[in-house]
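Notes to accompany the following structure.
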């Protein structure tokens, strides 16, 4: 066999040229113990708090407890495949998620991985899940309405863009329905409104049944609202760290729109379950428990999340992120630990009551206990003009109704007040999936406060409202358009609206 020197030297030169001398350095540790979704790891001396670490098999975790001799890591996934002695690698990255318009129309988990079977998400940007909220200087006070499409809320407890409005109530009182209707109400603006008014929606489901989340997504899809929505799901079967992380992940996705001069709305459904997941993690990490066994920083958990909802000023793009956190109470007890915490953080609350729900008053909003601390600055002028008196009348009605149970002979004025109150309460009822545009709400409430319903039987109010809206949509489009464009009831518009309602009231039998 011939040995060709030239050939050998050519091969050697090629090998030397392609020789890579870069050594891959990664800091690794060892699992000391694992169980209940928590791993104690030895050797990750330089790991950062909140850093993502990787276990064998691609399972991720997050370093939360940095102690002198070990690190407490919460595991995002099943801990069955992790055993003592396994090697744990640092990734060098704080937990982040993909953000951007590519996520619209998708259902993702708390780490931003798609779970809807529609293929990978090609997001161009990633953001940390836990960032500092905007300071005082970049903010502006809330002044634009965030229309929910529900008369009881838009008239009495208005929500503005950049506000945090808590939805609180027992189970099965229609809390999720309020968020769903608010999402559906954005459809007309997305279809033919200007870009600057569009509101992108993020729904975070924490600790709910998968079937419930699937139902929510199905309704959004059927009604064409999924195209401007993102759903982040950490269901009841997901590990506690995922349930803890989901609201932060959803918030980061909403902040992308806020920081790019657009508007976003995020519903956290619900934060009670996030607090329970956080309590579970904290106790397993051996952090000292406080009231109701929650850790001492559970207030900070919710405050740092909700403070990220803000209205930014014009120099910072004038974007906004509105938050609708949900809290589930037990037996209408709003003085428990988590409800009082979140009430004190938010700018108002919508209080839903089981009794009202079973009486058929839906949405079951208790108008007396619900408040919006932003108030009428989050309403258009037309709504302020008509809804100003309805609040007072309903408050008087509630007071009188309590007395009227005892006395049978009531004077005419009291009787009139009770009649009006019963009809206004009926007027504020609304079936699910039928949000109304603001101008339609203004017209209906105008009819209510100006005595058009007083002579009707209570059970005719709903029919009158339907007929009036149908008549306005077909024969008096100019009135509705006028209210939409002017955003106020001018004398001319008021006269036209009055004439339209008069004409309909005459024909209504």
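Using the three backbone atoms N, Cα and C, a Cβ is placed for every residue, glycine included.
Straight from Swiss-Prot, the features:
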type	residues	note
BINDING	169, 170, 171, 172, 173, 174, 175, 176	ATP binding site
SITE	370	site 'Required for activity'
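Positions of the features from Swiss-Prot, shown on the structure.
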residue	record	DSSP class
169	ATP binding site	strand
174	ATP binding site	coil
370	site 'Required for activity'	coil
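Taking the binding-site residues 172, 173, 176 in turn and counting surrounding C-beta atoms within 10 angstroms, the largest count is reached at 173.
Straight-line distance linking the Cα atoms of residue 172 (ATP binding site) and residue 370 (site 'Required for activity'), rounded to a whole number, equals 18 Å. Here the CA atom of residue 169 (ATP binding site) lies 11 Å from the CA atom of residue 370 (site 'Required for activity'). Compute the center of the Cβ atoms of 169, 170, 171, 172, 173, 174, 175, 176, which mark the site for ATP; besides them, the chain residues with Cβ within 8 Å of that center are 328, 352, 354, 357, 364. For residue 174 (ATP binding site), the same-chain residues lying six or more positions away in sequence with a CB closer than 8 A to its CB are 352, 357, 362, 363, 364, 432. Most buried of the binding-site residues 171, 175, judged by other Cβ atoms within 10 Å, is 175. Neighbour counts were taken as the number of other C-beta atoms within 10 angstroms of each residue's C-beta; across the recorded positions 169, 170, 370, the minimum falls on 170.
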